[in-house]
Amino acid sequence: MASPAAGGVVIVGSGLIGRSWAMLFASGGFKVKLYDIEQQQITDALENIRKEMKSLEQSGSLKGSLSAERQLSLISGCGNLAEAVEGAVHIQECVPENLELKKKIFAQLDRIVDDRVILSSSSSCLLPSKLFSGLAHVKQCIVAHPVNPPYYVPLVELVPHPETAPATMDRTYALMKKIGQSPVRVLKEIDGFVLNRLQYAVISEAWRLVEEEIVSPSDLDLVMSDGLGMRYAFIGPLETMHLNAEGVISYCERYSEGMKHVLSTFGPVPEFSGATVERVSEDMCMKVPDDPEHLAARRQWRDDCLMKLSILKYQMQPK
């Protein structure tokens, strides 16, 4: 458990991502202040966190070594930003994905923080150079992009501004490890970071295969969930290459020409419109109707699966 000397953490924004971050930091023993401009949103968020933590404790899925009550005691709400950030060592911004809104928040923070606190954004796609340029504390700024839902999916992409101090990256990396996340260092900024670039590449080819009537939407998803996805839940594409031959060099010697031939047949970026949208939507809605009730139930099932998978991954760590 983190000692009081370790300082506190501030979450700016009390939506789903903000609540998830609050729970994660509390699981690591950190005192957390949840800031929002609306007191009712803070009240609702704290109640949501209480229910979620109690449910996790009952199912044996609560993170960390502290009880739910102890973790909950570490989380408080605050409607005054200056008061919230006093004594903080890490501030995690979690407002909606709007560049001007995020820049406004960081400009406010820039005026009131000291030279030690880390200013971190949860942005999934906004480049650090767009978010942080011009700030007096730019060396302390970094993007820490979580994967939804962060409590069950541990990856966090750490993306620096060109002026981010190496110590900021190192401290953020250590902090993410301390609360049980799996941080990766993105060495320089790039559109989409790493996760979304990989995700969009898969979505793009998946869309083309459906659009060209190579495979149905439901069978396409099955290729991932019962094929590639099962493997990738434990090892990545590069280790897959390594294991599917006698190492990476052997794999490239054997399969590079075949890979290049297939890759040369890939088409342009899809438009994601027209008849294919209707076809994919119809197929998905047969499986999960797109009304709020069915979508919420399916998301809960997804989260339950991810929770159990995270337990299995922990149990199956290589020796």
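Positions of Cβ are set from backbone N, Cα and C atoms, glycine also.
From a predicted model like this one, the values you see are computed outputs, not experimental measurements.
Quick look at what Swiss-Prot annotates:
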BINDING   LEU16, ILE17, ASP36, GLU97, LYS102  NAD(+) binding site
MOD_RES   ALA2  N-acetylalanine
MOD_RES   SER3  phosphoserine
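In this structure, LYS102 (NAD(+) binding site) is part of a helix by DSSP. The Cβ neighbour count for ILE17 (NAD(+) binding site), using a 10 Å radius and every protein chain shown, is 23. A 10 Å cutoff on Cβ-Cβ distances gives LEU16 (NAD(+) binding site) a total of 15 other Cβ atoms nearby, all chains included.
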